[in-house]
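Participant: Annotation comment: TrEMBL describes 1-152 as domain 'Trafficking protein particle complex subunit 13 N-terminal'. Per TrEMBL, the feature domain 'Trafficking protein particle complex subunit 13 middle' maps to 156-279. Per TrEMBL, domain 'Trafficking protein particle complex subunit 13 C-terminal' is recorded for 292-386.
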Amino acid sequence: MRLTKPTLFTNMPVTCEDRDLPGDLFGQLMKSDPSTIKGAETLMLGEMLTLPQNFGNIFLGETFSCYISVHNDSNKVVKDILVKADLQTSSQRLSLSASNSAVTELKPECCIDDVIHHEVKEIGTHILVCAVSYTTQFGEKLYFRKFFKFQVLKPLDVKTKFYNAETDEVFLEAQIQNITTSPMFMEKVSLEPSIMYNVTELNTVASGELGESTFGKMSYLQPMDTRQYLYCLKPKAEYAEKAGVIKGVTVIGKLDIVWKTNLGERGRLQTSQLQRMAPGYGDIRLSLEMIPDTVNLEEPFDIICKITNCSERTMDLVLEMCNTRSVHWCGVSGRQLGKVGPSAFLSLPLKLLSSVQGLQSISGLRLTDTFLKRTYEYDDIAQVCVVCPFMNES
């Protein structure tokens, strides 16, 4: 017999107005009904609990509990009774018996009881195999088995999306959908990062000293509803400057989800290691360390570029600055930047101005490796908002 928690008893209240023919008859019957709540007889929920009437559904991540009873129906004593319970899945066979020692004897009309627990970690068909061996009074050894088949269903549908920032930050969006037929209380949804990253949860809104969840105080997920969780991963300090190492990292971490159903039945699900497509930086990565949000029209402004050697060889770099229709670089083009070793970087301050208002794209940088005579062009590095200062004054 499967062991599950009971459910709240529900009834169907029947009422009528005082001037109707039954009068107060229905009200008196509900008050005398032991299953109703005193003073709130018209509520469907009662004060009693209902035992499970069927096997029910078992979901991945929940704990399967079962009561096994072996009863001696004969009028003779049997000896050396050994009860074994195994769980057969599509990939393995697990022993669930609490004890492997035999019971010396079992008298008529007596029984051997056992309760087993198992956290379900696979979906699909499961078969509980109960095997009993014993010896009769005449020394004959007998053996029989019984099979109980049940299905393990998937409780949640988890989808993930990765967003690679200009810096080495990675944003993870996790979409979690409740695909069961009953509501869930989401106790915990966290991301366990890989060894190279630190994680920050972005699922709270600052409110006083304590952050408030974006989903409200009652974290319930109704059937077929979906929630989106957001996390930001940053490389640890010892890996942040190793461009070649971070470049090849595809394993981000795994999600740990804990929920409760009905009367507090807990379920837990851990995803496999989440993997992203490693960004293709090429041999040289150019990113911006500093850029203003807003600049004035035809006024020079400063930016700081970070040039990282992502290859495994030393480069001798030359920087060329090419003007575009809206962006004009200030300074000497074709300047020598010097040698940059593998995984090394250099910070380069540059000055430019824009001759066109609006949201402008910064483009026109070109790096050349003089060792291999290879050129790398960079367009749409970033965007900046250009405004007219005279319009602001008016």
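Note that Cβ sites are derived from N, Cα and C of the backbone, with glycine treated the same way.
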Participant: So what's the average pLDDT for the domain 'Trafficking protein particle complex subunit 13 middle' (156-279)?
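Facilitator: Its mean pLDDT is 84.
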Participant: Could you give me the DSSP helix, strand and coil counts for the domain 'Trafficking protein particle complex subunit 13 C-terminal' (292-386)?
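Facilitator: Here the numbers are 0 helix, 59 strand, 36 coil.
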